[in-house]
Amino acid sequence: METIAFRMRLHPGKQDEYRRRHDAIWPELADALRAAGISDYWIFLDDDTHHLFAVLRRPADHRIAQLAETDVMRRWWAYMADLMATGPDGRPVEKALEPMFHLE
C-alpha cells in the first residue's frame, strides 16, 4: 500500500457546507472510491489558508485515474464546484504533496 497526499483549495466561508456535503457522501461515490482502491481517506482543512489537505492509501494496482471517467465522480465534482477551486474540466485543482517525514 502507498500513502499519497495532495492539496486543494476551498473558497472562503464554504467550510461548513463542504463538511455537510461530505458528511452525507453519496453511497455510490463511496463505493466507487473503494472500488478504485482508495482506503483510509482523510481530508483536513487549514482555516488560515483555506487549503484542504487530503491523505489516502492505495494499492499498487489502484484504478484512481479511471474514476474521472465515471458518471458519479463527474456529478460529485459538479456538485462541489461552487465550494472550491476547479479546473476547466470541473475537477478540483490538486497539488501533489511530497512526503517529508514518516514515523511508524
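Including glycine, each Cβ sits where the backbone N, Cα and C put it.
What you are looking at is a predicted structure, and each value in this text was computed from that prediction instead of being measured.
Annotated features in Swiss-Prot:
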- Tyr18, Tyr41, Trp76, Trp77: substrate binding site (BINDING)
- His22: active site, proton donor (ACT_SITE)
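Mapped onto this structure are the features recorded in Swiss-Prot.
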| residue | record | Cβ neighbours (10 Å) |
| --- | --- | --- |
| Tyr18 | substrate binding site | 17 |
| His22 | active site, proton donor | 10 |
| Tyr41 | substrate binding site | 13 |
| Trp76 | substrate binding site | 22 |
| Trp77 | substrate binding site | 17 |
- Query: So around the substrate site, Tyr18, Tyr41, Trp76, Trp77 aside, which residues have their CB within 8 A of the centroid of those CB atoms?
  - Reply: Arg21, His22, Ile25, Leu29, Met80, Pro92
- Item | Secondary-structure category, per DSSP, in which Trp76 (substrate binding site) falls | helix
- Query: Using Cα coordinates, what distance in whole Å links Trp76 (substrate binding site) and His22 (active site, proton donor)?
  - Reply: 10
- Query: Using Cα coordinates, what distance in whole Å links Trp77 (substrate binding site) and His22 (active site, proton donor)?
  - Reply: 12
